[in-house]
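First up is the structure itself, then whatever we jot down about it.
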Amino acid sequence: MGCFSCMRFNRKDVRDFDEDTGSRSIKSSAKGRKGRSLGGKGGESNNQKGNVARSFTFKELALATQNFREANLLGEGGFGRVYKGRLESGLVVAIKQLNLDGLQGQQEFIVEVLMLSLLHHKNLVNLIGYCTDGDQKLLVYEFMPMGSLENHLFDLEPGKKPLSWSTRLKIASGAAHGLEYLHCEANPPVIYRDLKSSNILLDNDFNPKLSDFGLAKLGPVGENTHVSTRVMGTYGYCAPEYAMSGKLTLKSDIYSLGVVLLELITGRKAYDNSKEAGEQNLVVWSRPFLKDRRKFVHMVDPLLNGQFSVRSLHHAVAITAMCIQEQASFRPIISDIVVALDYLVSQAESSDSQGGGSQTIKQTHHHKDN
Ligand SMILES: Nc1ncnc2c1ncn2[C@@H]1O[C@H](COP(=O)(O)OP(=O)(O)O)[C@@H](O)[C@H]1O
Ligand SMILES: [Mg+2]
């Protein structure tokens, strides 16, 4: 999925990094919050000793990836290629080699290492280490065997099983928990800014972890309600007020979460330029369906083959519609979304275990064939 072309590369001016991330004390405690430093409380987090990112030499990472062999390539994003590798210790990892075409990449590298060194939660990807040998900049992550959510929703290879309704809910809930940690436990709060299906990575049990924190911002503190910054992000996922005026709030992430929920429900991409004009933007396409409960079933991913509970669908669509409201202040806060999604997950699990609950809906609209 294309990033805004003006955004990621050749950015000469690094002011907003200095102003909003680099120079602010990460231990400052926001008004009304407990005096915890960025990284949050123990609780669900996995912030243990030994979880600290370490430095690697380029040679170690070349060895781990068999000299960045094509066969070990996992994927390629805006910043470079990602390879599967095996460290000398035997640990299997994902190694991201940054394209260092501009200052932007360098800034994001620093922010990524900084954020992931401080933030630890079961729904955030774990940074194992980094390499800054000479001009080289590489990041070493835990390997996520099922790849990204994007790989399981769109353009499925023949024979690959589509995600079930309950797995989709589990992924939505896990991603929401990761976001709740950033918004409510990290102190000051962190605006993730890059929530999208390709940044939700999956383990063998489809537990999701958020990845790519290079665009993350320390959120507004004290009396401030937003952070002003240049617009960066990915087409289709950006909240309208942020895309238009650079006004970034926690509610910008809620909008992006709503878009991911829409992708999970519909199996359609947030932005798809292979589709005709009115259908390229998923939110725009979905609006007529969202207005009428009777139309909810017609927007569902045909690959679900009608295997979902209509009640669960209605709740999921209602949550989604609240998240993608134009008016940021009307969007719910993440903690309320977590409660709602957890409830849907528990319902889906209990009906799965009873072997019932989901019903086969005859779908009359095969919108993918349109
Ligand atoms: N930790 C990881 N484990 C397994 N696969 C990964 C990991 N990180 C990234 N990938 C794969 O590499 C691809 C490219 O990742 P990335 O560079 O972050 O770009 P993007 O987020 O734009 O897809 C991802 O879509 C995913 O399939
Ligand atoms: Mg990514």
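Residue numbers in this text run from 1 along the chain shown.
Quick reminder: no glycine exception, Cβ is built from N, Cα and C everywhere.
Curation plays no part in TrEMBL annotations; they are all automatic predictions.
If you check TrEMBL, you get these features:
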- Lys96: ATP binding site (BINDING)
- 68-344: domain 'Protein kinase' (DOMAIN)
- 18-50: region 'Disordered' (REGION)
- 349-370: region 'Disordered' (REGION)
Report task. Only counting partners 6 or more residues apart, tell me which same-chain residues put their Cβ under 8 Å from the Cβ of Lys96 (ATP binding site). Result -> Gly77, Phe79, Gly80, Arg81, Val82, Tyr83, Leu138, Leu139, Tyr141
Query raised in the report: the domain 'Protein kinase' (68-344): mean pLDDT?
Result: 93
Requested in this report: Sort the residue listed as 'ATP binding site' into helix, strand or coil using the DSSP assignment.
Outcome: strand
